[in-house]
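Listed in Swiss-Prot:
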- 22-28, 50-52, 323, 349-351, 431-433: GTP binding site (BINDING)
- 23, 24, 25, 26, 48, 49, 50, 51, 139, 153, 234, 249, 321: IMP binding site (BINDING)
- 23, 50: Mg(2+) binding site (BINDING)
- 23: active site, proton acceptor (ACT_SITE)
- 51: active site, proton donor (ACT_SITE)
- 317, 318, 319, 320, 321, 322, 323: substrate binding site (BINDING)
């Protein structure tokens, strides 16, 4: 190694994670931060969560490809912690290329990434149908079953596509197992071996130029002075271990997953940015202590919650499902900060609160008559939480597009200051609109 290489200062690495139940606005913030990064990394999840970007008034939804793809010259990485649907990937690539975005020269996919196959989707959908009213509310895209295969050491990975015979042998073995479950337990139809084999092997030549040793590339890039941005999907309260289990996703969504899911040592992660909306939302089933509105629940029709849903356009970017809405839960936020080791917060959608007469903040709970200041573990205990609120005067002035703290209404400043006090970490960024430029910066994650 040359002396000059030894003397290069390593780049900074920032991890962006959601602190709620997903849909916090991570995509916009990742896109904004990419101005200071040379690489963006997806490290978990699949195409079950969409990151929405508004750039120059144009809306783009990315499900698999890192948000950095919208910035020319930025390398994008899909790590080993992701579960990959080749069909969804090439659909997304096609949409981006039609819009004039160069993808294939800048996208690197770990050879160890788990594949989503047709039988994963069939099982996911059949399982939800069988559960009926007790369903978790998955997107039906095969994410969970693919992770189950990974943990069960049955998974087929990207690198397996390049050995057709071995792939066929392992596929047949997997189908023996999964078709039994589909037909004998879930009451579904069997998945055809030959059709699945032909479809999957048909992706091999198209994928191969993008397949790489992502862990090594990230190590070398960072040591050469490049800044890297790790882009989480979903949110901490959906984490398979730390979320409101069993109403969770099938992967680890916390900051620590960036290390395992991309093959990067934990000491390389310099700053953890926790994204929180100025209120809370949740999609699908599961407890939600500060809930105000649920389109499917006649008992949850509070008018403020309806306003939050309508003004905030709270509909899933992938599924289109209406999101449940509620006040910001700072006790749940404390749990997320603890688990992730959050360095600073970014509050998004502050502008959605504009015009409300009052704004409430959940600062703790009553659980069976006892005080609690942090979200408990597990859905059953969370369901017993009765929120304890602090109430703030609202603000009538518009915060849309504001770019400095001083320009915010005094009551909005008071609300943000209290969130910061209760959370115990600074609010370093505030988003005041969907466009990348509608952002207040108080401390820069790459420069702390």
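Every residue, even glycine, has its Cβ placed from backbone N, Cα and C.
Structure coloured by features recorded in Swiss-Prot.
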{"residue": "23", "record": "IMP binding site", "DSSP class": "coil"}
{"residue": "28", "record": "GTP binding site", "DSSP class": "helix"}
{"residue": "48", "record": "IMP binding site", "DSSP class": "coil"}
{"residue": "234", "record": "IMP binding site", "DSSP class": "coil"}
{"residue": "320", "record": "substrate binding site", "DSSP class": "coil"}
{"residue": "350", "record": "GTP binding site", "DSSP class": "helix"}
{"residue": "432", "record": "GTP binding site", "DSSP class": "coil"}
With residue 25 (GTP binding site) as the reference Cα, tell me which of the binding-site residues 139, 320, 323 is the closest one.
323
Report, in whole Å, the straight Cα-to-Cα distance of residue 321 (IMP binding site) from residue 432 (GTP binding site).
24
By a 10 A CB contact count over all chains shown, which of the binding-site residues listed here is most packed: 52, 139, 234?
234
In whole Å, how far is residue 52 (GTP binding site) from residue 234 (IMP binding site) when you measure between their Cα atoms?
13
Residue 23 (IMP binding site) and residue 322 (substrate binding site), distance between Cα atoms, whole Å:
12
When neighbour density is defined as the number of other C-beta atoms within 10 angstroms of a residue's C-beta, which of the binding-site residues 28, 321, 323 has the lowest density?
321
Between residue 320 (substrate binding site) and residue 22 (GTP binding site), how far is it from one CA atom to the other, in Å?
14
What's the most sparsely packed of the binding-site residues 22, 25, 320, 322, counting other C-beta atoms within 10 A?
320
What is the number of other Cβ atoms found within 10 Å of the Cβ of residue 432 (GTP binding site)?
24
Can you name the residues of this chain that are 6 or more positions from residue 350 (GTP binding site) yet have a C-beta less than 8 Å from its C-beta?
278, 399, 412, 416, 430, 431, 432
Tell me the Cβ neighbour count for residue 48 (IMP binding site), meaning other Cβ atoms within 10 Å of its Cβ, over all protein chains shown.
28
Considering only the binding-site residues 28, 48, 139, which fall within 10 Å of residue 323 (substrate binding site) when distances are taken between Cα atoms?
none
